[in-house]
Amino acid sequence: MKLRRSVLRVALGLALLPLLPLLRPASAVEPISLGLAIAGAAASAAEAGGTPCPSASSLLMVWSLRPALQENLNRKLFGQHLVNKVVVKAVKGFLNNTNAKKPLALSLHGWTGTGKNFVSKMIAESIYKRGLQSNYVHQFVATLHFPHAHSINLYKDQLQSWIRGNVSICPRSLFIFDEMDKMHAGLIDSIKPFLDYYELLDGVSYRQAIFIFLSNAGAEKITEVTLDFWRNGRTREDIQLADVQNALSVSVFNNKNSGFWHSTLIDRNLIDYFVPFLPLEYKHVKMCIRVEIESRGYAVDEDILTRIANEMTYFPREERIYSDKGCKTVDAKLDYYYDF
């Protein structure tokens, strides 16, 4: 009965969509409204005969047939030993826990191009057959779905309804929030009840859901710690999670340009892990270039590989240790050098 009610709620929202221009001016229809309607239609189609919501038994089968999350990260993610260790343990431990007390909440932090979106993609692919394309994976981009500060109350209502409806349909739902550093302060706190230690909220359990937040906020603190290790003659692999995580959470909490600014999600310790993505070095950039060339089926030209790596810009200005864009622009630079 609960499932039927959830599907009916989505169907009702779709039925009302054509009436929106009559209810309010077209300019007031926010991007998230249209996104919710489109995604709601996809979710309804899935219930009508698409890929089923993953269960514990189906996940065990998935892991036995596909490359493990650990294997994928080892082969494709470079210079992020903390991420490899924390993410794999957190995700696999959570999925194996038949009595989780709350949803899993991961907050991924670091500069652009260090692998945050890539890791969220790998997590989705380790759980759902269609990865990010699954009807049970829901992605939000702050500047796209929540662009206007004056519409925060509307966004809060929509976001809560969207999460409630989709978890009702599939308890093992994944929600990814990108550009948290551009999220309007206070908006993300609207989902606090869903991340808390409640067994049921209005008859719905959120304890199997996963929430992932991606942000550049805190990148300065991560770089500061990484540089201190380098200047003291210690390798980046010597850095432990305890060296970064507490300082990172405090930095993000007090960052006025962060969607987590004085957020109750941090204040109430509802984020399970603050995962630091370290800035990438020259050697890591070369690894990214090599993998990208090979993934396109071309032989690696070492001269071109080195030229591309040398064209990237690095910081601090004096030492030039870390790439300021990580591996972000590798794909575009390859298009210039190779006749694809």
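The backbone N, Cα and C atoms fix where each Cβ goes, glycine too.
TrEMBL annotations: computationally assigned, not manually curated.
Straight from TrEMBL, the features:
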type	residues	note
BINDING	G110, W111, T112, G113, T114, G115, K116, N117	ATP binding site
DOMAIN	280-337	domain 'Torsin-1A C-terminal'
SIGNAL	1-28	signal peptide
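When DSSP labels each residue, the domain 'Torsin-1A C-terminal' (280-337) comes out as 32 helix, 5 strand, 21 coil, counted as helix, strand and coil in that order. Comparing the binding-site residues G110, G113, G115 on other C-beta atoms within 10 angstroms of each C-beta gives the minimum for G113. Confidence annotation: the domain 'Torsin-1A C-terminal' (280-337) carries a mean pLDDT of 92 in the model. Residues F118, N216, F277, G326, K328 surround the recorded ATP site, their Cβ atoms falling within 8 Å of the Cβ centroid of G110, W111, T112, G113, T114, G115, K116, N117, which are themselves excluded. Within its own chain, T114 (ATP binding site) has Q80, F277, L278, P279, L280, G326, C327 as residues 6 or more apart in sequence whose C-beta sits under 8 angstroms from its own. Taking the Cβ of N117 (ATP binding site) as reference, residues of its chain lying under 8 Å away and at least six apart in sequence are, in sequence order, D178, L214.
Annotation: K116 carries the greatest number of neighbouring Cβ atoms among the binding-site residues W111, T112, K116 [cut-off 10 Å, Cβ to Cβ].
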